[in-house]
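Here is what Swiss-Prot says about this protein:
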DOMAIN    7-227  domain 'ABC transporter'
BINDING   A43, P44, S45, G46, T47, G48, K49, S50  ATP binding site
Amino acid sequence: MKRNVVLQLTGVERHYGQGGTLLSILKGADFSISKGEIVALVAPSGTGKSTLLHVAGLLEHPDGGEVNINGHACDGLSDEKRTAIRRSQIGFVYQFHHLLPEFSALENIMMPQLIAGLSWKEAGERAGQLLDYMRIGHRGSHRPGELSGGEQQRVAIARAVANAPTLLLADEPTGNLDPETASYVFDALEALVRQSGLAALIATHNHELARRMDRRVTISDGKIVDF
């Protein structure tokens, strides 16, 4: 594996049964992403973007091939160990923010840190720093329903990186936002990736944002190809 490679997929297969027929989504897919790199995943709906993110994020088991995270093979690991890797090394951002409505922005960002064993004080300090970095420190006490769409997504991004993961997987993170807000949220995301050295794989239909990333890949006949 090349130096600084965070995620490496080698010959990954993923199939689903559909009405007695085997549907092949990923067919010998190869892909790698390195520290500090932002890669756009641009492909039509139904071609396997979410499947790829789920396999890369250890949410689904591949039917063949290898998934390596930071040089460690994840095939054959128990569900407990896969969960431990997800919690410590992988952050997820989705099109819908999935923030807990009864908690403030600050508390939402603290939550994964508290689960990881940090003290309330440590988690609060880290959450506050992330809110400041995302330029919404003044909104920390507000609940998700009191935030704008762009603010909600910035909180979701901050929560995703709260435990300092090495890999960020995002599925249409700006899909529900207007173009101006989407660009602003991506600016914040890009700055965070560059500053922290994260590797980020971002699925998007927004070609303008995709062109701003380091590389663009798509899924063609079950394989991952640059374009």
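Our numbering is plain: 1 for the first residue shown, then up by one each step along the chain.
The backbone N, Cα and C atoms fix where each Cβ goes, glycine too.
Structure coloured by features recorded in Swiss-Prot.
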residue : record           : CB count, 10 Å
A43     : ATP binding site : 19
P44     : ATP binding site : 10
S45     : ATP binding site : 8
G46     : ATP binding site : 9
T47     : ATP binding site : 17
G48     : ATP binding site : 23
K49     : ATP binding site : 22
S50     : ATP binding site : 18
Collapsed DSSP category at T47 (ATP binding site)
coil
Please list, in sequence order, every residue of the chain apart from A43, P44, S45, G46, T47, G48, K49, S50 whose Cβ lies within 8 Å of the Cβ centroid of the ATP site.
T51, I219
